[in-house]
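Undergrad: What follows is a structure written as structure tokens; I'll ask about it next.
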Amino acid sequence: MTVTLCSPTEDDWPGMFLLAAASFTDFIGPESATAWRTLVPTDGAVVVRDGAGPGSEVVGMALYMDLRLTVPGEVVLPTAGLSFVAVAPTHRRRGLLRAMCAELHRRIADSGYPVAALHASEGGIYGRFGYGPATTLHELTVDRRFARFHADAPGGGLGGSSVRLVRPTEHRGEFEAIYERWRQQVPGGLLRPQVLWDELLAECKAAPGGDRESFALLHPDGYALYRVDRTDLKLARVSELRAVTADAHCALWRALIGLDSMERISIITHPQDPLPHLLTDTRLARTTWRQDGLWLRIMNVPAALEARGYAHEVGEFSTVLEVSDGGRFALKIGDGRARCTPTDAAAEIEMDRDVLGSLYLGAHRASTLAAANRLRTKDSQLLRRLDAAFASDVPVQTAFEF
């Protein structure tokens, strides 16, 4: 049989859905997957067929969606979001994944996307293709039975609560407006298209033999969606909490801690979530899980580095940056902006493309990556400046998986 890589036709999608069902334990089914297809640009998908002509088997697939990602400086970038990547178990170790990624990266570059992004099913796969983990998922579990808010925590007065308990499907417009405010100011924020709002709210309904009904807590500047765990009836899981002010964040947590029928509240958040410091006993907010979130590949180094903002406090400095398989660039940072141009000058900082992806949003420090020899420079002062320049004054978060 001849293995061929090409764009899928409509006849390929049933085979793609079969491969998805066999590959992804969380496959959402053909109906929902068809809705996600509306986010895929023309020529944004590839398949590998074993055989030629009608009836040939789909043994590999990958696609990208047209997304909008917020980066430091409240800048929103067109972003290619890779997803639906799978290789049949009958065709592993034949280079199919590499071939599909190479072809998609060519198309993404030709379309002018400065960055590509994905959520990795396994942590050891995508670094070789230039992707680096750029956000961190951090689960906190609070024993609410003993939780008390610090006297300094916002909203500690005797006035009425600014939070309402509501049904999610009845307040979509308010959720959308709050989320839109949130995603435009937070590095890692993603525009959520209408089809994904449809899916999110559909998932809030109870499923026979599956998840329980979700409820919502609504504040003028934030919301939280939560449901009781499927098997542990004393655990409430917060599936999404978005707050655009510290007051809203604390008010939502006061309401969650008020779920008296629960023993524990869990949330997948980010490492800089202030929740533990709202409590008199910080140990009650335990870290129960941690993993990489969004991964980034810098497709166009000058365009990406010139697009984001940088810390003003650093002052002006210049260096020469070499990115393996990406080029060598004169980088000048000053007044919160960067100028990046190709150069033949000797490199002062060296790193692989995946390392630049990890640095880009500001969640990971240059000095940490240098300590692991993933970033290399002989100038310690330059490293400190790079550290400070790439830091984000707004904590980096993960919007949603795709």
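The backbone N, Cα and C atoms fix where each Cβ goes, glycine too.
Pulled the feature table from Swiss-Prot, pasting it below:
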ACT_SITE  TYR126  active site, proton donor
ACT_SITE  PHE402  active site, proton acceptor
BINDING   VAL85, ALA86, VAL87, ARG93, ARG94, GLY95, LEU96, LEU97, ARG98, SER121, GLU122  acetyl-CoA binding site
DOMAIN    3-154  domain 'N-acetyltransferase'
Undergrad: Just name the most isolated of the binding-site residues ARG94, ARG98, going by other Cβ atoms within 10 Å of its Cβ.
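TA: If we count Cβ atoms within 10 Å for the binding-site residues ARG94, ARG98, the smallest count is at ARG98.
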Undergrad: Given a separation of at least six residues and a C-beta threshold under 8 Å, show me what packs close to VAL87 (acetyl-CoA binding site) in the same chain.
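TA: Listed in sequence order: SER23, VAL48, VAL59, GLY60, LEU96, LEU97.
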Undergrad: Reduce the DSSP letter at GLU122 (acetyl-CoA binding site) to three states and note it down.
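TA: Reduced to three states, the DSSP call for GLU122 (acetyl-CoA binding site) is coil.
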Undergrad: Where's the emptiest Cβ shell within 10 Å among the active-site residues TYR126, PHE402?
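TA: Least crowded of the active-site residues TYR126, PHE402, by Cβ count within 10 Å, is PHE402.
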Undergrad: Just how many other Cβ atoms lie inside 10 Å of the Cβ on GLU122 (acetyl-CoA binding site)?
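TA: Other Cβ atoms within 10 Å of GLU122 (acetyl-CoA binding site): 6.
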Undergrad: What is the total of other Cβ atoms whose distance to the Cβ of LEU96 (acetyl-CoA binding site) is within 10 Å?
TA: 21
Undergrad: Could you state the whole-number distance in Å separating the C-alpha atoms of ARG94 (acetyl-CoA binding site) and PHE402 (active site, proton acceptor)?
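TA: Rounded to the nearest whole number, the Cα-Cα distance is 26 Å.
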Undergrad: Could you check which of the recorded positions VAL85, ARG98, GLU122, TYR126 is the closest Cα neighbour of PHE402 (active site, proton acceptor)?
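TA: Spatially nearest to PHE402 (active site, proton acceptor) by Cα position is VAL85.
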Undergrad: Within 10 Å of the Cβ of VAL85 (acetyl-CoA binding site), how many other Cβ atoms are there?
TA: 22
Undergrad: To the nearest whole angstrom, state the Cα distance for the pair ARG98 (acetyl-CoA binding site) and TYR126 (active site, proton donor).
TA: 10
Undergrad: Could you pull the average pLDDT for the domain 'N-acetyltransferase' (3-154)?
TA: 96
Undergrad: Secondary structure at ARG94 (acetyl-CoA binding site) (DSSP, helix/strand/coil)?
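TA: Note: ARG94 (acetyl-CoA binding site) is coil by DSSP, not helix or strand.
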Undergrad: Given the residue listed as 'active site, proton donor' and VAL85 (acetyl-CoA binding site), what distance in Å do their CA atoms have, once rounded to a whole number?
TA: 11
